[in-house]
Amino acid sequence: MKFLHLMKILEILHPLMGYTSGSALMPSIQLFGRVFLIFFMVDSEPKIHANPWVIYLFFVYTISEMIRYPYYMLHVFNVNIGFLTTIRYTAWILLYPLGFLCEGVILYNNITYLEESKRFSIGLPNDLNFSLHMPTIIRLYLLFGFFPALYFMMNHMNRQRIKVFNTNRSKSKVH
């Protein structure tokens with residue numbers, strides 16, 4: 001899972017190099033969140049490995065990618081399969097909230113482990129006179145950033161859905 005998500009860096013590089021159209025911003029946001037969760041929250045904490053929420057999260061990630069990548073592959077060859085397009089721009093309505101729920105539960109469960117181990121926290125005194133307490137950062141994200149992030153991502157996908165379905169309707173009316 002770590003290797004596959006590292007390969008997703010190509011989703012950021014391709015638009016930047018002009019290989020594909022679209023923005024690199026949304027894949028960057030999504031990849032940053034997933035890499036943080038997989039590398040820092042799941043992989044670094046052995047106690048969370050057996051947590052069923054990790055399995056659920058990986059299942060949601062996998063289903064999401066099994067829909068997206070065939071759609072994008074066919075899109076490169078200008079092949080449009082209506083059913084696949086509909087699934088691509090509809091499945092997120094269920095998958096995004098499920099993914100966010102799994103991520104939130106994993107973050108919440110990790111707070112205790114991070115407090116015990118002090119992993120990813122920097123205490124005072126140090127040369128930079130700077131402290132960082134990762135459990136507090138996660139708590140703040142869960143309290144103030146979690147729902148705005150979910151809203152932002154779902155709003156983006158809804159705009160994409162409207163754009164794709166309106167374009168498809170316009171093309172079908174012309175013919």
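Each Cβ is built from the backbone N, Cα and C atoms, and glycine gets one as well.
Annotations in TrEMBL come from automatic prediction, not curation.
Counting residues 6+ beyond its ends, the transmembrane segment (21-41) has Cβ neighbours under 8 Å at 1-2, 5-6, 8-9, 11-13, 15, 48, 57, 61, 103, 106-107, 110, 120, 149, 153, 156 in the same chain. Per TrEMBL, transmembrane segment is recorded for 21-41 (among others).
Annotated transmembrane segment per TrEMBL: 53-71 (among others), in sequence order.
Long-range neighbours of the transmembrane segment (92-111) within the same chain, counting only residues 6 or more positions beyond its ends whose Cβ lies under 8 Å from a Cβ of the stretch, are 33, 37, 41-42, 45, 48, 51, 53-54, 56-57, 60-61, 63-64, 135, 138-139, 141-142, 146, 149-150, 153-154, 157, 161. Here TrEMBL flags 92-111 (among others) as transmembrane segment.
What TrEMBL lists as transmembrane segment is 131-153 (among others).
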